[in-house]
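In what follows, a structure is listed as structure tokens, so that the remarks can point back to it.
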Amino acid sequence: MDTDEQAEIAALIVYAQHTQITNYFTVASFCLFVYDWIITLPLEAKYVWPSPWSLGKVLFLLTRYLALIDTSVIIPRQLGNNLSTTDCQILYQWSTWSMVVGVAIADIILAMRTWAIWSRSRAWGFLLAFAWFSVYSITFGTMGKGMSGLTFGLPPDPALKGCFIIAAGDQGILFIGFVVIMVFDLFTFTVTAIKGIDHIRRGDSALVSVLYRDGLLFSAVLCVISVLNIIVLEHLSSDLFDVLVVLFRSVHAILACRIMLHIRDAAGRELDQTTAAMELTAVRPPARGRQGGTTWGSTTWGSSTGWSDEEEEDGERGRAQVLSLTL
């Protein structure tokens, strides 16, 4: 066996090892998504299924079930037997574009949540929309160029499963796509932190706390995963370029859907508490108010004050609940 043959065998062994690592991450990421889908299904059945159709509901269902579809397509792409080059082109094109669309939809949910935090002001709406369109115009362009550089061939050994990539094209193009998505996630994290510090210090309602807690935590996690993908593309070999792609997709879907489920759950619990408090107030006997009015619970009717602080707070909670249910 000459030196060239030994080098080819060594390269093939390394490729097989890297493919196995990618397969481990792919299957683990898919299992993570399915596990989260199962444990959050009761919340989805309670808050999403019976709700009227809205933009938020459509975005939720697209984010959740597109992820289930495209991650399912990746499994045969990575583990299938006797795949032709045409099969691999179709599987890679479908799974890649489905993932990019899914991540874009998930970031719409993040942008809507950020817009809600900033009281749905027109300026912030335009700014977030401009940021989203800019980021995903670049991402779709770079992914298109990156996919055009993928070249497939028949595996030199039948024991190798999945698609055999001969060339991965220009990874720098894919690098740009992950960078701009990371910048968008970092932007949403920053503007959430700026607005959220005062609310967290004041100790607002559970609904508002959920809005900020999830926003900060989830944006930070997405930034970290984007950074990891950038490191992979920049420093690891070309046959590991997609080792974290399914994790990136799954976590985007998981966190975006959890944002909506947690908001609706918190709004539902606050609504139950408010209803219970109103029922308790209604059965309490009337008492004379300090200014001569009749007091039912905490509200003095016939006094000069009109609405009490408690009722004003309940009104704010009600508006927050309406806001959350329209996301």
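From the backbone N, Cα and C atoms, a Cβ is placed for every residue, glycine too.
TrEMBL labels come from automatic prediction, so no person has curated them.
Pulled from TrEMBL:
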type     : residues : note
TRANSMEM : 24-43    : transmembrane segment
DOMAIN   : 24-69    : domain 'DUF6533'
TRANSMEM : 94-112   : transmembrane segment
TRANSMEM : 124-144  : transmembrane segment
TRANSMEM : 164-189  : transmembrane segment
TRANSMEM : 210-231  : transmembrane segment
REGION   : 286-319  : region 'Disordered'
COMPBIAS : 296-307  : compositional bias 'Low complexity'
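Long-range Cβ contacts of the transmembrane segment (210-231) within its own chain (Cβ-Cβ under 8 Å, at least 6 residues beyond either end) map to 110, 113-114, 116-117, 175, 178-179, 181-182, 185-186, 188-189, 192-193, 195-196, 199-200, 244-245, 247-248, 251-252, 255-256, 258-259, 262-263, 265-266, 324. Secondary structure of the domain 'DUF6533' (24-69), assigned with DSSP and counted as helix (H, G, I), strand (E, B) and coil, comes to 40 helix, 0 strand, 6 coil. Residues 88, 103, 107, 110-111, 114, 131-132, 134-135, 138-139, 142-143, 145-156, 215-216, 219-220, 222-223, 226-227, 229-230, 233-234, 238-239, 241, 248 of the same chain lie 6+ residues outside the transmembrane segment (164-189) yet bring a C-beta within less than 8 angstroms of a C-beta in it.
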